[in-house]
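Features as listed in Swiss-Prot:
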type    : residues                                              : note
TRANSIT : 1-97                                                  : transit peptide
BINDING : 190, 191, 192, 193, 194, 195, 196, 197, 198, 199, 200 : ATP binding site
């Protein structure tokens, strides 16, 4: 197996998803003092309820021949009692743990339409969420002043440079809440890939913080706030497919323009493409002149093909990482009958082959591409008021050529 630190994942302890009914039911044969450490916030105390309120089942029994009186049998129904208490915990104690999928995106096309006075560039792009993603586990910290942040890969910043931390700080600033979290980031999306993995993490953190706070902000609020810390973050508050303009923060939801079962393969060499370097080498007089709305219409009517997958950042990215140009050319040549289109996502360095989940055979041959990252993926979307779900039918685990048989 290749020794790339970004793709060797350590085993870690997973937080069990919390289900209060099963938690309480596990104590069916136990005694009440085992609940004594549970002190939920709110107007009432569940411990008092445990001690004072009881649920009984009253059953009529046959008359006693010795007394001639009818008897009543009183049965204490512990299981029913605990189920009702569990429901009250869910209502009054709120969420304590939450695990969310944090998917990445690709740019099906990316036009750069001009440079702004603030130094940023205007773009027009079809963004789409795909099924490769990270998992983030949030646990509510008992402290109102600090939390913790760990991840399974080296090199990921664990301080305020990380977009997750920036997002949570932003949420506290905007809402006045004081909740902090223990966070475990299970990273599968490579960094420096043009896939928006960090932006997705930030959007997921904002969503999680809002859930822990009783959804005090709207999705529109979260989307608008997120633009303050990253241009790509607002997109993830769309439903998964969007036409994005401005710096990327102007997001227009569109109906999914491509089938969600359309397969693709993502291939990324070890070299990253620093976004700043790519934009420095961008020459606007050498970009495409095709109207991005024409590209969007063509995709909506005819699907993905090579002629619509325009990316104005490819030429400068190929200058920054020359081997990336060769990789794209080889994939396109080898996969003429395999892929509908081959293109770079974002500012690189991921090359996307749409139409097949398999990489071309040459990546298995020799040592040149022994450390390449590749993963299959599909297009996904989300429903209103729900976060993205990890598809169950697709294996998005990153792979290495030398791992194949």
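Cβ atoms here come from the backbone N, Cα and C positions, even for glycine.
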TODO: Work through the binding-site residues one by one (194, 196, 198) and point out the residue whose CB has the fewest other CB atoms within 10 angstroms.
DONE: 198
Task: Shell of the ATP site beyond 190, 191, 192, 193, 194, 195, 196, 197, 198, 199, 200, same chain only (C-beta within 8 angstroms of their C-beta centre) - done: 104, 189, 346
Task: Most Cβ neighbours inside 10 Å, all chains, among the binding-site residues 190, 192 - done: 190
TODO: List the residues of the same chain that sit at least 6 positions away from residue 200 (ATP binding site) in sequence and have their Cβ under 8 Å from its Cβ, in sequence order, or write 'none'.
DONE: 102, 103, 104, 105, 133, 134, 189, 236
TODO: Can you see whether DSSP assigns residue 196 (ATP binding site) to helix, strand or coil?
DONE: coil
